[in-house]
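Heads up: the structure comes next, in structure tokens.
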Amino acid sequence: MAQLVQEYLDQIRAEHLANTDGALADYIPELARVDPDALGLSLCLADGYVYECGDSATEFTIQSVSKPFTYALALDRIGRQGVDAKIGVEPSGEAFNEISVDKNTKAPKNPMINAGAVAAVSLIPGVSADHRFDQILEFYSAFAGRRLSVDLDVYASEKATGSRNRAIAYMLQSFGVLDGDPDEILDVYFRQCSINVTSTDLARMATTLARGGVEPRSGRRVTSAAVVQRTLSVMVTCGMYDAAGDWVSAVGMPAKSGVGGGITAALPGQLGIGVYSPLLDAKGHSVRGVEVCRSLSVNLGLHFMSVTRESRSTVRASYDARPGVRVYELHGDLLFAGAEQVLRNIEQECSEFDVAILEVSRVDDIDATARRMLAGMREFLTAAGKKGFLVDPDDTLRLAGVPDSRATVFATLDDALNAADHAVSGPPASDR
Ligand code: GLU
């Protein structure tokens, strides 16, 4: 059943593979040299479990996907007031490299465009470029749960060609926004853009955001929930630059893209997504990255405006009611991430039982995705020589379209346990 989600991701990737629209970034030779067909897709659940497919192990440079993380670091180190004094939070509706500031405050409009990102670097306290950068690399690595590295060739090229960013930094200095030497700050910014990641790293980093600042595998707190809340807010409104409105309507997740071909998207409380596909649209977003995120959002019901309730701690209890008969009591709302968690538990434990009973009388609501996944669970259990029963007095989980679902759905736990006894030991003699 983990297999079910895996197959689904493989299918999404296959659907989008043929799309060759867009062009590689070519402002530096390293970006123009990558494989245009690469498509990596990773999904990291709130407990750190990762599904990945395609070129998910291919490293590419993080580029502007770095911006929310450096902004978070600035918030973490000097606090909101200090950051707000230098960087706004209003969508600019402009391209990422627009040479612009707010008319009145002279501060960059938000931290997701280059002007704001350069200002954010200047807010990281440090005695030298190396000192600032070390903190950045360490912070990103903590989000990803592994030590990240820098692509030195990309860094050298960024540094050699970054006239526009230089113009931005000097403009900010003239307005009194930049603390420090513009060239030193730019050096750090170019290095931060050149950090290598994979789509799986981006998924993990997004999940750390989705978990309110806790890296899921180690359980380590990287930054505070308040920092994450602010960072995700700015990602929602400004992360996709002048395509932010379209993105929020169609995909509905805080996200950030980069010209290296990466996109990171976080669904608070539930999961993180990372995509890598280097062919870009006119606005600098990965063409297939955007399309894949759209599909995931629609098909798995991930739009954050449709997820208004907690959906993580879905398994309330699990216990053996009889030898070979395990009961899983679910509660809350069953959406993609909750259903995935239930199915993965059942798959991992399925050698320990003959019958799994899902007690769903305390489930308030279930969406179409979770219903499809539960239907898949029954098929999986049958194929594994096991049985899957549901206790569903309110018919919340009626498995529409699934043949013989009536035979495995019961009104009470006792009814399901009786049926399980038959299944485990065969019907009593009087019934034979
Ligand atoms: N290094 C690029 C720049 O600062 C990043 C742009 C992007 O990824 O959107 O121009």
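Keep in mind that glycine also has a Cβ here, set from the backbone N, Cα and C atoms.
TrEMBL entries are annotated by machine, without manual review.
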_Of the candidates V50, V227, V228, V259, which one does TrEMBL list alongside S64, N114, E158, N165, Y189, Y241 as binding substrate?_
V259
*Fewest other Cβ atoms within 10 Å: which of the binding-site residues Y189, Y241 wins that one? Let me know.*
Y241
*May I ask you to report the DSSP-based helix, strand or coil state of V259 (substrate binding site)?*
coil
*Do you know which of the binding-site residues S64, N114, Y189, Y241, V259 end up with C-beta under 6 Å from ligand 1?*
S64, N114, V259
*asked:* Below 8 Å Cβ to Cβ and six or more residues apart, same chain only. Which residues does that give for S64 (substrate binding site)?
replied: F96, M112, N114, A117, C193, K256, S257, G258, V259, G284
